[in-house]
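S.K.: After the structure tokens below, expect a handful of questions from me.
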Amino acid sequence: MMQPDPTVPLLIEKEKKRQESTLTLIASENFVSAQVAAATGSLLTNKYAEGLPGKRYYGGCHIIDEIESLAIERAKSLFKVAWANVQPHSGSQANAALMMAVLKPGDKILGFNLAHGGHLTHGSPVNFSGRLYQASFYGVNPDTGYIDWESVAKKAKKERPAIIICGASAYSRDWDYIQLRAIADEVAAFLWADISHPAGLISQGLLNDPFPYCHFVTTTTHKTLRGPRGGLLLMGQDFDNPFGKTNRNGLLHKMSALLDAAVFPGTQGGPLEHSIAAKAVAFYEAMTHSFKCYARQVQKNAHVMAQAFLDEGYSILSGGTDNHLLLLDLYKQNITGKQAETVLEQADIITNRNLVPFDKNTPQVTSGIRLGTAAVTTRGLKEKDMLLIVEWIDYLLKNKDKDSQIKKVKQMVNAYMCRFPLTTVDGSVTE
Ligand code: DSN
């Protein structure tokens, strides 16, 4: 008989306690429902299913086909698009497949500067995207903290990229997809939105809709969308007319086949059908009224948190937020992002240090911390709780060398969070 593993179950239980008793403000994390977790941990992990529903390279796939087809149909309904591939193992994999389908090595790409809040897979030299393709970047206006669309247009005209990427890891403002599409059309580039962070809010119509304007959309499924860790590849609603008046070829007619092939066999092997089942469950949840209430509350909580920091005299990039996150610039307070992350973690408030645009500190140290409300909102925290969190953070940053004060806050955080147990996280948020 197989010996039970004496270690991993204990570590999982310990991690559960850690998640339960701490305050998660990492903007890219969330808590899945019991049914999403059950699908992720299901025996679907046993099955090989290379290929697509109805076109597999293995026998015994008829139930897997039903599951994956359901995930595809739900993804299409949720985002109101005609085509989806649910197989990417992660956001980075979705991005890799998209680039493989659309670009040749050496092609030019234009993305949002990583140091201003962009993402590694949008052309960073340390990532495949910056090694395989010639990347250039646009950034934020130093005076406003907003992306300046004029400067994106200038850059696009100068570089003439094959694809323009919009999307970020640490940008708290919405995107002007109409302007971006006009820019893309002018230089005959594809427009691609990576909505990994705000996907849950976009799915509920709470932010601008990229789908009518972008040729391609990629996302992770585990941030504001509150599904399992994974990726998703979608085509926009406008893929019959890819370059407006300057349409150069009929590539888009073949595009869905190219995208499918770029996922498998291009960049991945067997799909993770347990994750795909969990994505199907998450898409189902995202089409409920309860999820709409949840997404609205995420946005309200972020707004209240940002205002409370401003009222305390903190500097927030761009002066606020439209979405689920905000970036605190602590340079004026003479605290580095690293120090802030450390003192907050000592009190069980979990955040991540983050570069701010034009940062004078290194990426390891940084001047900022990024805070997001997706996870705490799932736990059931509302506006008044955001005020308390800001009070705690402010107190900790002002007392960062005082162990006994930090300990007191930690005890308060732990007691507070135990009022919102993980076992009751079922995805229902009421207004
Ligand atoms: N690491 C993710 C984030 O925190 O935004 C992006 O890949």
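Glycine too: its Cβ is placed from the backbone N, Cα and C atoms.
What TrEMBL records for this protein is below:
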DOMAIN    3-393  domain 'Serine hydroxymethyltransferase-like'
BINDING   L114, G118, H119, L120  (6S)-5,6,7,8-tetrahydrofolate binding site
SITE      H222  site 'Plays an important role in substrate specificity'
MOD_RES   K223  N6-(pyridoxal phosphate)lysine
S.K.: Considering the binding-site residues L114, L120, which residue's Cβ sits among the greatest number of other Cβ atoms within 10 Å?
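M.R.: Per the Cβ count, the most surrounded site is L114.
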S.K.: Return only the integer: C-alpha distance in Å from H119 ((6S)-5,6,7,8-tetrahydrofolate binding site) to K223 (N6-(pyridoxal phosphate)lysine).
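M.R.: For H119 ((6S)-5,6,7,8-tetrahydrofolate binding site) versus K223 (N6-(pyridoxal phosphate)lysine), the Cα atoms are 15 Å apart.
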S.K.: Average pLDDT across the domain 'Serine hydroxymethyltransferase-like' (3-393)?
M.R.: 95
S.K.: Starting from the Cβ of H119 ((6S)-5,6,7,8-tetrahydrofolate binding site), draw a 10 Å sphere and report how many other Cβ atoms land inside it.
M.R.: 24
S.K.: When a 10 Å sphere is centred on the Cβ of the residue listed as 'N6-(pyridoxal phosphate)lysine', how many other Cβ atoms does it contain?
M.R.: 28
S.K.: Whole-number Å distance between the CA of L120 ((6S)-5,6,7,8-tetrahydrofolate binding site) and the CA of K223 (N6-(pyridoxal phosphate)lysine)?
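M.R.: L120 ((6S)-5,6,7,8-tetrahydrofolate binding site) and K223 (N6-(pyridoxal phosphate)lysine) have their Cα atoms 17 Å apart.
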S.K.: Please state whether DSSP places L120 ((6S)-5,6,7,8-tetrahydrofolate binding site) in a helix, a strand or coil.
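M.R.: In the DSSP reduction, L120 ((6S)-5,6,7,8-tetrahydrofolate binding site) maps to helix.
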S.K.: Looking only at DSSP and grouping its letters into three states, which state does H222 (site 'Plays an important role in substrate specificity') belong to?
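M.R.: H222 (site 'Plays an important role in substrate specificity') sits in coil per DSSP, no helix or strand.
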S.K.: Work out how many Å separate G118 ((6S)-5,6,7,8-tetrahydrofolate binding site) and K223 (N6-(pyridoxal phosphate)lysine) at their Cα atoms, rounded off.
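M.R.: That separation, Cα to Cα, works out to 16 Å.
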S.K.: Other than L114, G118, H119, L120 themselves, what residues in this chain have Cβ atoms within 8 Å of the centroid of the (6S)-5,6,7,8-tetrahydrofolate site's Cβ atoms?
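M.R.: Nearby residues not in the site list: G111, F112, N113, G117, T121, H122, G123, S124, N127, A168, S169.
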S.K.: What whole-number Å value do you get for the CA-CA distance of L114 ((6S)-5,6,7,8-tetrahydrofolate binding site) and K223 (N6-(pyridoxal phosphate)lysine)?
M.R.: 19
S.K.: What is the Cβ neighbour count of G118 ((6S)-5,6,7,8-tetrahydrofolate binding site) at a 10 Å cut-off, with all protein chains included?
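M.R.: Taking every protein chain into account, the count is 24.
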S.K.: Relative to the Cβ of H222 (site 'Plays an important role in substrate specificity'), which residues of the same chain, six or more apart in sequence, are found under 8 Å away?
M.R.: S28, E29, N30, V32, P228, R229, G230
